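Undergrad: In case it helps, TrEMBL gives these features for our protein:
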{"type": "TRANSMEM", "residues": "21-40", "note": "transmembrane segment"}
{"type": "TRANSMEM", "residues": "52-74", "note": "transmembrane segment"}
{"type": "TRANSMEM", "residues": "81-99", "note": "transmembrane segment"}
{"type": "TRANSMEM", "residues": "105-126", "note": "transmembrane segment"}
{"type": "TRANSMEM", "residues": "138-159", "note": "transmembrane segment"}
{"type": "TRANSMEM", "residues": "214-235", "note": "transmembrane segment"}
{"type": "TRANSMEM", "residues": "300-328", "note": "transmembrane segment"}
{"type": "TRANSMEM", "residues": "340-358", "note": "transmembrane segment"}
{"type": "TRANSMEM", "residues": "370-389", "note": "transmembrane segment"}
{"type": "TRANSMEM", "residues": "395-417", "note": "transmembrane segment"}
{"type": "TRANSMEM", "residues": "429-451", "note": "transmembrane segment"}
{"type": "TRANSMEM", "residues": "457-480", "note": "transmembrane segment"}
{"type": "REGION", "residues": "489-510", "note": "region 'Disordered'"}
Amino acid sequence: MWWDERVSARFRRNLQPTLTYWSVFFSFGLCIAFLGPTLLDLRCQTQSSLSQITWVFFSQQFCLLLGSCLGGVFKRTLAQSLFALFASSLAISLVFAIIPLCHNVVVLAVVMAVAGLAMGCIDTISNMQLVKIYQKDSAIFLQALHFFVGFGALLSPLIADPFLSDTNCILSNSTANASSNLPHIRKSLVPHHPGNLSHYDLPMKGMVVTRVSYAFWIMALINLPVPIAVFFLLYKERMVPCFNGSSHPLLSADELAMETRPAEKEDLSTAVQRPHAAGGHDDLFSCCQSKNYRGASYTYFAVHITGALVLFMTDGIVGEYSGFIYSYAVEEPLSVVHKVAGYLPSLFWGFITLGRLISIPVSYRMKPATMVFINVVGVLITFLLLLIFSYSVVFLFVGTASLGLFLSSTFPSMLAYTEDILQYKGCATTVLVTGAGVGEMVLQLLVGSIIHDQGSYSFLVCGMIFGGLAFTFYAFLLFFHRMYPKPSSDIDDASPDKPAVMDDTGQYQR
């Protein structure tokens with residue numbers, strides 16, 4: 001194996017929970033990418049307008065953000081985390097099954113809000129649990145985790161594609177005008193920006209003819225093994241009430257040592273370590289309580305804020321680039337034909353997935369800080385070249401692929417790096433996941449408004465600015481890393497906050 005025996009042994013000891021978290025993130029990816037291509041058929045199913053149906057985007061994204069903020073609530077015990085993942089992954093399967101039954105746009109928006117909450121919980125908890133298990137070795141496993149979300153995001157549009165309507169799915173006397181433009185409308189739909197499509201006459205009343213229901217039922221079946229896998233992990237850990245039994249797994253050596261540690265030593269080390277523990281991986285609202293960060297240094301807050309701002313920019317770039325690259329390509333000066341421009345979002349997401357696959361072995365040989373530096377510099381240079389060669393269709397495709405590669409590993413690398421700085425005792429996972437979610441939603445809305453007012457060229461200018469800001473915030477993060485106090489080995493050894501999952505044991509902690 002290309003990694004050393006220590007990491008390999010640790011992976012074998014934690015094989016079932018690791019595979020379970022990866023599968024749950026596949027469920028996350030499956031749910032995050034289906035809405036765009038199926039939105040026109042869902043418009044027909046609910047017999048709503050373009051402006052009404054785009055609110056379904058918002059309900060999913062907003063509740064995803066809310067779920068990410070609240071996900072840390074379930075971290076307090078392993079049982080809470082696993083039950084939350086079980087409920088979330090099962091909810092996604094139920095959402096897929098229920099969507100074909102939603103014939104009102106408000107009902108559909110509520111169902112998608114439930115899906116968003118489930119996705120947000122999955123995002124926070126899966127990242128958090130993998131960091132807990134592997135700690136300093138977590139980078140490679142986080143890269144694999146985010147590969148699975150990319151794989152799911154690639155799979156769901158492929159499942160939906162054979163069932164999408166080739167002609168207008170509401171039959172009426174005015175269908176002829178818009179039917180030939182359906183592929184263009186489908187690629188142009190992004191949250192709250194259907195204004196450039198208002199001149200297309202899409203009927204709202206008539207006989208609905210769509211087969212998209214089959215796609216959702218297929219995705220529900222494909223996702224069903226995921227909650228089953230989480231249930232089996234709960235059963236293995238003897239956390240299912242009906243199958244609990246009277247015996248529990250024995251404590252590992254490290255856990256036993258912690259249980260038998262003298263109380264006075266524990267109290268002393270707790271008092272010394274509390275300023276840096278700052279509450280641990282809590283939900284966003286618990287992280288903001290003053291009692292959790294009383295006595296912490298300013299660099300503690302600076303690391304959280306700058307790390308979140310880097311992901312605010314990079315994940316925002318992912319959202320705005322995937323949402324508007326098609327619209328940019330079909331307008332002047334490039335004027336790419338609609339069918340060819342339709343490949344650009346798929347190319348972008350394909351290279352994001354490929355980049356995450358490549359990053360799995362690379363992250364074992366390269367430090368997360370180095371990978372993030374390469375990513376943000378690569379994004380900045382790519383946007384600069386896209387601006388220089390803004391009249392080249394060929395370079396637009398090359399730049400799109402390059403941007404996907406550089407953005408692919410930014411989130412897991414940034415999470416591993418920030419958690420490492422904070423010695424796994426801050427609120428990094430919750431804060432970074434929330435910052436990334438806010439960036440993806442806000443920057444997409446901001447860029448859409450700017451493009452509407454200033455024209456298509458501003459799309460690349462915005463990307464260049466966001467890339468420059470990401471690099472600037474990362475430079476500040478490096479500065480605060482140098483200033484952040486390093487714990488002494490004595491305090492580390494004595495601290496009861498030191499995680500029970502050690503390098504030499506790698507036990508999965510309950």
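Cβ atoms here come from the backbone N, Cα and C positions, even for glycine.
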Undergrad: Under a Cβ pair cut-off of under 8 Å, which of the recorded stretches 138-159, 300-328, 370-389, 395-417, 457-480 contacts the transmembrane segment (340-358) most often?
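TA: That would be 395-417.
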Undergrad: Do we see three or more Cβ pairs under 8 Å linking the transmembrane segment (370-389) and the transmembrane segment (81-99), pairs being at least 6 apart in sequence?
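TA: They do not touch: fewer than three Cβ pairs between the two stretches lie under 8 Å.
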Undergrad: Under 8 angstroms for C-beta pairs, at least 3 of them, ignoring pairs fewer than 6 apart in sequence. Is the transmembrane segment (105-126) in contact with the transmembrane segment (52-74) by that rule?
TA: yes
Undergrad: Who are the long-range neighbours of the transmembrane segment (300-328) in its own chain, taking Cβ under 8 Å and residues 6 or more past its ends?
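TA: Hits for the transmembrane segment (300-328): 187-188, 190-191, 196, 276, 278, 293, 334, 341-342, 344-345, 348-349, 352, 372, 375-376, 379, 400, 403, 407, 410-411, 414, 417-418, 421-422, 426-428, 431-432, 434-444, 446-448, 451, 456, 459-460, 462-463, 466-467, 469-470, 473-474, 476-477, 480-481, 483-484.
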Undergrad: Among 21-40, 138-159, 214-235, 457-480, point out the range having the most Cβ pairs under 8 angstroms from the transmembrane segment (81-99).
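TA: Result: 214-235.
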Undergrad: Do any residues of this chain, six or more beyond the ends of the transmembrane segment (21-40), have a C-beta under 8 angstroms from a C-beta of it, and if so which?
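TA: Residues packing against the transmembrane segment (21-40) from afar: 53-54, 56-57, 60, 85, 88-89, 92, 95-96, 112, 115, 118-119, 122-123, 126, 129-130, 144-146, 148-157, 159-161, 164-165, 169, 182, 185-186, 189, 212, 215-216, 219, 222-223, 225-226, 229-230, 349.
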Undergrad: Give residue numbers and ranges for long-range contacts of the transmembrane segment (214-235): same chain, 6 or more residues beyond its ends, CB-CB under 8 A.
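TA: Distant contacts of the transmembrane segment (214-235): 16-17, 19-20, 23-24, 26-27, 30-31, 34, 38, 79, 82-83, 85-86, 89-90, 92-94, 96-97, 99-100, 155-156, 159-160, 162-164, 243.
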